[in-house]
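Per TrEMBL, the features are:
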type	residues	note
DOMAIN	6-144	domain 'Photolyase/cryptochrome alpha/beta'
BINDING	255-259, 296-303, 394-396	FAD binding site
SITE	Trp327	site 'Electron transfer via tryptophanyl radical'
SITE	Trp381	site 'Electron transfer via tryptophanyl radical'
SITE	Trp404	site 'Electron transfer via tryptophanyl radical'
REGION	515-535	region 'Disordered'
Amino acid sequence: MMGSGSGSLVWFRKGIRIHDNPALEFASRGASHLYPVFVIDPHYMKPDPNSPSPGSSRAGLNRIKFLLESLVDLDLNLKNLGSRLLILKGDPAEVVIQCLKEWNINKLCFEYDTEPYYQALDVKVKNFALAAGIEVFSPVSHTLFNPNDIIHKNGGKPPLSYNSFVKLAGEPPSPLSTVYSSLPPVGHLGSCDISEVPTITDLGYGDAEQDEFSPFKGGESEALRRLDECMKDKKWVANFEKPKGNPSAFLKPATTVLSPYLKFGCLSSRYFYQRIQDIYRSMAKHTSPPVSLTGQLLWRDFFYTAAFGTPNFDRMKGNRICKQIPWKDDDKLLEAWREARTGFPWIDAIMIQLRKWGWMHHLARHSVACFLTRGDLFVHWEKGRDVFERLLIDSDWAINNGNWMWLSCSSFFYQYNRIYSPTTFGKKYDPNGYYIRHFLPVLKDMPREYIYEPWTAPKSIQTKANCIIGKDYPMPVVSHDSASKECRRKMGEAYALNKELNGLVGEDDLKKLRKLDESERQEPGTKRYKQQLIG
């Protein structure tokens, strides 16, 4: 179907923005018609009645809502430039191929994506386009650097330490400074089924019971507004130091909360980096990576690169950078954690904030991830990763998997003796327990000296606080002292075995460790113990 003029299709997935968008810039250059497309993928968006909280099987309602808000904003910004966002539904590869057949397209442009799901989709679409003589442009613009380049510079393997990554990476390229006065109009649409951006109700979430939504609104306009707000406080930008900050500050979170905007590409990481650098240049002194604000952006790229260069990055088995550990398969403990019923108010309040807002402070994430895995419950990090992946609005494949491996001491970080206490860690920041009282109102009248360990409160005090432990709020699922001791011991054994077998630990070896665990055990270090392990 050939018409006159030259048509370009720009396919949005992440990168939901106009600023610093090389795919959009290249697509609009010299085109008589521009087709901006977003495909609603049922794989991510279809309601799942069997999930433990509202949303699809892969995304909680907060994230779906954030994505829809981002699309509405993109559509408005495109309309201001004489264009619009074309929404289609279905399997993204099939839908885009259908569009390429229907419309007169010479150029197909979309941002390069390192996630396995998109890598597979993109190959299909690219192959079709190239066979049809359509030019394909797929630039790297979701990260500061091209992960391929860094892996290449490092001799074919991703750098696994932050410092070596930063040394190899150098300075990121500058963002595009293109400002549009208008974009080419949308061309003839043929028989393709185009709609406006759907609402949550359109997608079938009309009756979803959610009493509180994430306070963060999606979209490029909101991302740039938040960025300007942050950048006004030059001192804060220059002195930013992670991992400091207050994990219990919820009314005015102690971080930028720009992560969801980076995740969906409503905000360009290169533009963010450049804005921080501009402030650094105007200040006498500033913090440096890894703790500085630019350091945070470099961490993001570090995980993207590690993930892209590591097969099976999202699982323990067959993942060469991940320690093989005999995690427990305990659905009861996993459920208590996920449903905020562990009996540790600091842990439960964080899990409720996750369900309600789809966001928590990074130190709060550290607390609950450590607790589920190597700290207390010894449940597999992949199980926790699945819960975060579904519920977080900033859930990001590379960063989420990387952080779970890190926090479970499966990779990157190996000091498994350092455990976040589920009772004293939060108290440091919030001795009165305001955070707990907000997210767990059942404990709102518990006196401050018992708020982190309510099971230690005398019965008379529980009665007075209208909260009987074991009835109104659960007893702790484990005793932290003995559970964490047990976890340290198991980690020590697993580490010894990984070292002994040079990382080549199979399912049978892990079974042996689990069995050993149940049978009488001798002191590690004895001969028989070693025999049993190597068997």
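Our numbering is plain: 1 for the first residue shown, then up by one each step along the chain.
Note that Cβ sites are derived from N, Cα and C of the backbone, with glycine treated the same way.
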Intrachain C-beta neighbours of Trp381 (site 'Electron transfer via tryptophanyl radical'), sequence separation six or more, cut-off 8 angstroms
Met316, Trp327, Ala369, Leu372, Thr373, Trp404, Met405, Leu407, Ser408, Ser410
Least crowded of the binding-site residues Val257, Leu297, counting other Cβ atoms within 10 Å of each Cβ, is Val257
With every protein chain in view, how many other Cβ atoms are within 10 Å of the Cβ of Trp404 (site 'Electron transfer via tryptophanyl radical')?
25
Cβ-Cβ distance under 8 Å, sequence separation of 6 or more, same chain as Trp299 (FAD binding site); the residues meeting this, in order, are Tyr162, Pro290
What is the number of residues in the domain 'Photolyase/cryptochrome alpha/beta' (6-144) that are helix, strand and coil, as DSSP sees it?
57 helix, 30 strand, 52 coil
Could you list the residues of the same chain, at least six apart in sequence, whose Cβ is under 8 A from the Cβ of Ser259 (FAD binding site)?
Trp359, Asp394, Asp396
For Trp327 (site 'Electron transfer via tryptophanyl radical'), just count the other CB atoms lying within 10 A of its CB, please.
23
If you count the other CB atoms within 10 A of the CB of Phe303 (FAD binding site), including all protein chains displayed, you should get 26
